[in-house]
Amino acid sequence: MLSGRLAGLITKEFAQFLRDPVMLFVVIFLYTAELVMCTMALGFDVQHLKLAVVDHDRSAVSRALIEELTTGDNFVLADQFTSLREAEDRLRRGALDVVVEIPPRMGARLAAGRPASFGVVVDGSNGNVAARARAYVIEQSARFVESRRPAGDRRAAVRPEVRVWYNPDLTNTRFMALSMLAQAGLMLGVVLPAAAIVREKQEGTIEQLRVTPIRAHELFIAKITPTLVICTGAVFPALVIMTLMGVPMRGDVFILLILTVVYLLSAVSLGTFVGAITQTLQQAMLVGFFGLFPLLFLSGSIAPIESMPPWLQTASLASPQRHYVEIVSGLFLKGAGLAELWRQALALGAISGAMFLSAWLVFRRRW
C-alpha cells in the first residue's frame with residue numbers, strides 16, 4: 001500500500017504534468033505524428049530516382065531495356081539524350097541521379113548470342129542513394145537478361161528461389177517505425193523527469209520539500225511514476241498508428257507493455273540522474289542529450305550493429321534501446337514470445353536495474 005505522503009506526491013506530480021499543455025502535446029506528438037513523419041522521412045528505401053538514357057542502339061531490345069529499368073518505383077525516366085556528354089553535364093548539375101548509355105548494335109549482339117554490355121553512370125555524392133541505385137540497375141538488368149533467355153537456357157539455368165520472412169517487400173518502414181517507438185520512449189523518459197526536478201530547483205519548491213517529513217525515496221518514486229504511466233499508456237495510440245502503417249502486431253501485447261515499463265525505467269532513471277546533477281533547464285537538456293545520442297547511435301537504429309567496429313559492438317550491449325528494438329521487432333514482426341526474447345529481456349532488465357540504482361544513489365546523496 002502507498003503511504004499517504006507518497007500518494008499525495010504522486011498525485012501532485014500527475015496534476016502538474018496534466019496542467020502543462022506543452023508536455024501533453026509533446027507526448028502525444030512523439031507517439032503519433034512524429035512516429036509517422038520520422039518513419040517516412042528516415043526510411044532508407046530510395047525511390048523515384050531520376051534516370052536519363054543515351055540510346056545509341058535504338059532497337060526493340062534497347063527500348064525493352066529502358067522499359068524494364070523504368071518499370072516500378074525505383075527509376076523515373078527524366079530525359080533521353082543523343083550525347084553522353086550532355087547527359088553527364090546534367091548529372092553534374094544535380095538534375096539527374098543515373099545515366100544509362102546503350103551502345104550501338106547491342107540488340108544485334110544479344111540476338112546473335114554474343115555478350116553485350118551497357119554503361120551506367122551514378123551520382124555518388126550521396127553514398128546511400130548511389131549504392132541503392134547501383135543495386136537497382138544490377139537487379140533489373142539481371143531480370144531483363146533472364147526474361148530474354150531462350151527457353152532451353154532458362155530451363156538449364158540455376159536460379160535461387162529466395163523467400164524473405166517477416167518483411168517480404170524488403171522495405172525499411174517497419175523497422176524504422178519500431179525504432180521511432182523506442183526512441184520516443186527514451187527521449188520522453190529522459191526529458192520529463194529531468195525537467196520536473198530542475199523546475200522544482202529553479203522555483204525553490206525543492207527546498208520547501210526538504211524541510212517536510214517527505215523522504216528521499218518517496219520523492220524519487222513520485223518523480224518517475226507519472227512518466228512511466230503516461231509513456232506506457234501512450235503505447236496504445238502508437239499501436240493504432242503502427243497498424244495503419246502496415247506494421248503487424250503478432251506477439252503478446254501484455255509482454256510488450258511489461259517490457260516497455262522495464263525499458264522506460266532505464267530512461268526515467270537516466271532522466272532522474274540528469275535532474276539530480278544539474279541546476280538549470282539548459283544544463284539538464286545539454287547533459288540529457290549528451291547521454292541520449294550514444295544510446296541512440298549504439299542501438300542499431302541508425303546503422304547496423306554488424307557494421308560497427310568490434311569494440312563498439314560490445315559497447316552497444318549497454319544500450320537499452322538496442323535490446324528494446326530487438327524485443328519489439330520480435331513481438332511485432334515475428335510473433336515471438338519470452339521463450340525467444342528472454343536474453344534481450346534479461347539484458348534490458350539488468351541495464352534498467354543498474355541505471356535505476358545509480359540514479360537512486362545520486363538522488364539520495366543530493367537530497
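Every residue, even glycine, has its Cβ placed from backbone N, Cα and C.
Record features (TrEMBL):
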type	residues	note
TRANSMEM	21-44	transmembrane segment
DOMAIN	126-366	domain 'ABC transmembrane type-2'
TRANSMEM	175-198	transmembrane segment
TRANSMEM	219-247	transmembrane segment
TRANSMEM	253-277	transmembrane segment
TRANSMEM	284-305	transmembrane segment
TRANSMEM	341-363	transmembrane segment
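Here the transmembrane segment (175-198) does not touch the transmembrane segment (341-363). Their Cβ atoms form fewer than 3 pairs under 8 Å, with each pair 6 or more residues apart. Taking Cβ pairs closer than 8 Å, the transmembrane segment (284-305) reaches residues 176, 179, 182-183, 186-187, 190-191, 194-195, 197-198, 270-271, 274-275, 277-278, 312-313, 315-316, 318-322, 325-326 in its own chain, all 6 or more past its ends.
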